[in-house]
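Here TrEMBL flags 7-38, 44-61, 73-92, 98-117, 129-148, 168-186, 198-218, 224-249 as transmembrane segment.
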């Protein structure tokens, strides 16, 4: 693939993922990877995903500040901080294609079921410990590839958080865990100087789309927000399967 084609894919992925993250508060990694996995080496793609998601959260946090409760947030952040080192340690050993296939299958099967249920059952057990476990799962996945928000978002939906409360938890959880993940990537040498030009492409490409997404979020209803979140998770799952299954099939055939 030519450099120009790769550059267009990077810009398109950053712009679409930035808009989606601005609207939903999460999913930059999922959306961006559905573009970048076709053209970018996995290690670089993981670093770009964490950088882009962190940049988007900084932009969104400055624009949307409703619903924040530190009492609600801290178990997620504590769990996420504990989970990140494990994810970073696993990253060099992980088969990225199998990881994407398993995660994609889970999202593709589970999220449509949640969409079809008119009233989701709300989970009231577990309290802060369960919130911390969901945060830890997000931290591990963040260390692996910037997918910090997937499990915590599903958990907040099942907990029955309202739109602003869920958005505030996920947005600030992602901000904290992604900042730590980026620091860990730099410390482990996963982020190198050679990656900086791509970072400089991602940041401006996502700026305006992210701000547009945050403006749109302010005007949507609770029901519409829930549908958007679950639809995005479903589409992300399909995209992950589309990028990973052909590679795994080709391996088996070889």
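Backbone N, Cα and C define each Cβ position, glycine as well.
Whatever TrEMBL says is automated annotation, not expert-curated.
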Selection from 44-61, 73-92, 98-117, 168-186, the stretch that has most Cβ pairs under 8 A to the transmembrane segment (224-249)
98-117
Sort out the residues at least 6 away from either end of the transmembrane segment (98-117), same chain, that have Cβ-Cβ distances under 8 Å to it, and list them.
33, 37, 141, 144-145, 147, 150, 154, 157, 227, 230-231, 233-234, 236-241, 243-245, 248
Do the transmembrane segment (7-38) and the transmembrane segment (168-186) share at least 3 Cβ pairs closer than 8 Å, excluding pairs fewer than 6 residues apart in sequence?
yes
Counting only residues 6+ away from its ends, which parts of the chain sit with a Cβ under 8 Å from the transmembrane segment (198-218)?
7, 10-11, 14-25, 44, 48, 51-52, 55-56, 59-60, 63-64, 167, 225
Same-chain Cβ contacts of the transmembrane segment (44-61) under 8 Å, 6 or more residues past its ends?
10, 14, 17-18, 21-22, 25, 28-29, 32-33, 36-37, 91, 142, 144-146, 148, 171-172, 174-175, 178-179, 181-182, 185, 190-191, 195, 198-199, 202-203, 206-207, 210-211, 213-214
Under an 8 Å Cβ to Cβ limit, what residues of the same chain, 6 or more beyond the ends of the transmembrane segment (168-186), are close to it?
25-26, 46-47, 50-51, 53-54, 57-58, 60-61, 64-69, 72-73, 76-77, 80-81, 84-85, 87-88, 135, 138-139, 142-143, 146, 148-149, 152-153, 156, 161
